[in-house]
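These notes concern the structure reproduced below.
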Amino acid sequence: TYRWMQTMLFAIDEINRNDHLLPNITLGYKIYDSCSASFHALRASMELMGGVEEGWERSCRGMVPVVIGDGSSTLSVAVARFLGVFHVPQVATCFSVGTKLIPLIQHFGWTWVGVVVGDDTYLLEGAQIFSEEVQKVSVCMALHEIIPRNHTAGAMASIVARIRSSGSRVVLVFALEHDTVALFDEVLQQGLIGVQWLTSEAWTTAFVLSTPSRFLPILQGSLGFAIRRLVHLPGLQEFLLHLNPLNPDTPKDPFLPIFWEEVFGCSLQGAQGGSVPGFKPLCTGSEKLENVRNIFSDVSQLRVTYNVYKAVYAVAHALQAIKNCEKGRGTFPLQNCPDTDSLQPWQLLQYLKHVEFFNLYGDEIKFDKNGDPAAVYDLLNWQLGANGQVEFVTVGTYDESLGTKKLHIQEEDIIWNRNQTTIPVSVCSNSCPPGTRKAHRPHFPVCCFDCVVCTAGEISNQTDATECVRCLPEFWSNEGRTACNHKEVDFLSYGDIMGITLLTVALLGSLCTATVILIFACHCATPIVRANNSELSFLLLFSLALCFLCSLTFIGRPSEWSCMLRHTAFGITFVLCISCVLGKTLVVLMAFRATLPGTNSIKWFRPPQQRAIITLCTLAQVVICSVWLAVAPPTPRRLTTHESDLAILVCDEGSALCFSLVLGYIGLLASLCLLLAFLARKLPDNFNEARLITCSMLIFCAVWVAFVPAYISSPGKYSTATEVFAILASSYGLLACLFLPKCYIILLRPEKNTRTHLMAKSVPDNRF
């Protein structure tokens, strides 16, 4: 801080010797020691506002119009609030609390960050602002600890323990130097390692932390912003080294003897400000600052020092603007100019706000509407130099004048904590990969979450997705839940077990029917085959064979032709089959009635009439199917739902009315057959033809009555399988009931296959 004060004197001396800046005007100054305490700083401010004090040069009279602030942001803020009452401007460096670190935290993807702050009003307010702003960019606070002013051992140990337990690997320390020393002493004592420390401007280049090698194991790799460094300020080092309290050419300075005795450890007995004799050896007069290496004479890190230099020049240029003001072109109402002989602080403040110039080193000095200069910072990385000392390596810059892209980082130059070259990870929860979504943990910050795999049919194709997106009905999620693929088409195929089973049963039915036809053909001359119109029997067997075969059209990939064929073939073949059964029923019924005296009805049911009945009944179904195909034919349709990974390919009926008419017409004929057969069940008949027809129609009707609700409730291809099952079950029922007894007699009981046995009357069984 003494170097900063001397830099102000150096800048004032430069300006006073400059013939172009404030010619014929000499700048003066008053310097107070704030003692790093608000009380002393405010007391000094009140004295400044009171005019001339005893012991100062009488050439400087009246209220001081401007103040170069204290090196401490806390004291500068306190003084600024007091000076604001008198409208006195203060040019000072108020260190940012860390909002400039937010882009840095975002850049490296840290979302779980801790903050340790000193117990100071300015620091606490700034830390609160940082916490609020950082949460706006989805970064969570792992901890927020306050360093007590008395640095009690228990409190410091508790802070370090909480840092350890928080799990955060990145911690921002916004505190003054003496607070950070107390903190890192405890960190060393507890052996806390693996933490990436982020520094605030207050201690980024602190000598007290960087010089002792004991802090290097934990602070190596630390990152933080510091005021932009000026490489070289010509004449400053010579000015600093020229100071000597024993030199009569050195300006009177009450702080210099104290400084001198501290640096050289000797006593300036008799010199103004010297210590009491006897405590230190007397200074010999041969002491020279150029022979001592310390922070005072080190001008390699001109950061705050350069800000002090620029602050003095900003005041000088404001005064120059006041001096050059032309009447009628001023910045005040009526465009008046201030009176330089009675300059008021508020007038100087107005001109300070409009200062804009480039200094000798190419830097632009100006202030925005809030009185802040453009923030330009160096991003420093604490690295171990070849000499074993800490080196502050510039690995990036932050420049608000660059617009949206303010932060530039050379990542390859950064050495991280514990000499690592990989970026440390500091998150409460690891990122959720594609295929998962974030599920917030109750009672935890938003950065703490679990990764939940997307449910089937949903995907997430980005990292840290908050929601899974449902695929469109035609698509389904892949195994990794990262993309939607076309659903696999499913249908009743010849390749799956159900299709193979139904195919086998259908072919077996066709084979059984063909076997019966062969048996009947071989025994066509026998009475049991010739009875009841053998032509009807063969036609019925043919239609049953078609019924078995038409079920095959329901198996396989549905197409436009197969959809039209399956329903029409089914409807027509079944009507043909039932028509034949109806014909046989009528023949049985009329044959018995023909034996009654005076009855001649049998002539109306001879073979030509039977063929006509079958043809008309079948033709009616053909007409219904033709209208169906013309109006709204069955077509293939995909059935897709959000809950299934399959797209079911089925045949849509097209017209529900036509489909109902086809089934209804079959049901009507079956009901009529059942009714007639039931009426003829007690007729004397050795071969029980009426009873067999009744039994077959009961099975047929039971199957198709059960089919309707089963068909409606069966999903996808199972509805098709239900329809095939109904076709096969009813066909097997007809084949078994109508022809199995006859085949039994033909093959196993040939003695009953005679005309005598056939013509014998039997007593009907009343139990049926």
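Glycine is treated like the rest: Cβ placed from N, Cα and C.
Predicted automatically and left uncurated, TrEMBL annotations should be read as such.
Over in TrEMBL, the protein carries these features:
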{"type": "DOMAIN", "residues": "498-762", "note": "domain 'G-protein coupled receptors family 3 profile'"}
{"type": "TRANSMEM", "residues": "497-524", "note": "transmembrane segment"}
{"type": "TRANSMEM", "residues": "536-556", "note": "transmembrane segment"}
{"type": "TRANSMEM", "residues": "568-592", "note": "transmembrane segment"}
{"type": "TRANSMEM", "residues": "613-634", "note": "transmembrane segment"}
{"type": "TRANSMEM", "residues": "654-680", "note": "transmembrane segment"}
{"type": "TRANSMEM", "residues": "692-712", "note": "transmembrane segment"}
{"type": "TRANSMEM", "residues": "724-747", "note": "transmembrane segment"}
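Summarising model confidence by region, the domain 'G-protein coupled receptors family 3 profile' (498-762) averages a pLDDT of 82. Taking every listed stretch (497-524, 568-592, 692-712) in turn, the largest tally of C-beta pairs under 8 A with the transmembrane segment (654-680) is reached by 568-592. Segment contact is absent for the transmembrane segment (536-556) and the transmembrane segment (692-712), given fewer than three CB pairs below 8 angstroms at sequence separation of 6 or more. The recorded stretches the transmembrane segment (497-524) and the transmembrane segment (692-712) do not share 3+ CB pairs below 8 A when only pairs 6 or more apart in sequence are counted, and are therefore not in contact. Sequence-distant neighbours of the transmembrane segment (692-712) (same chain, 6+ residues past either end, Cβ-Cβ under 8 Å): 578, 581, 584-585, 588, 663, 666-667, 670-671, 673-674, 677-678, 680-681, 719, 722-723, 726, 729-730, 733-734, 736-738, 741.
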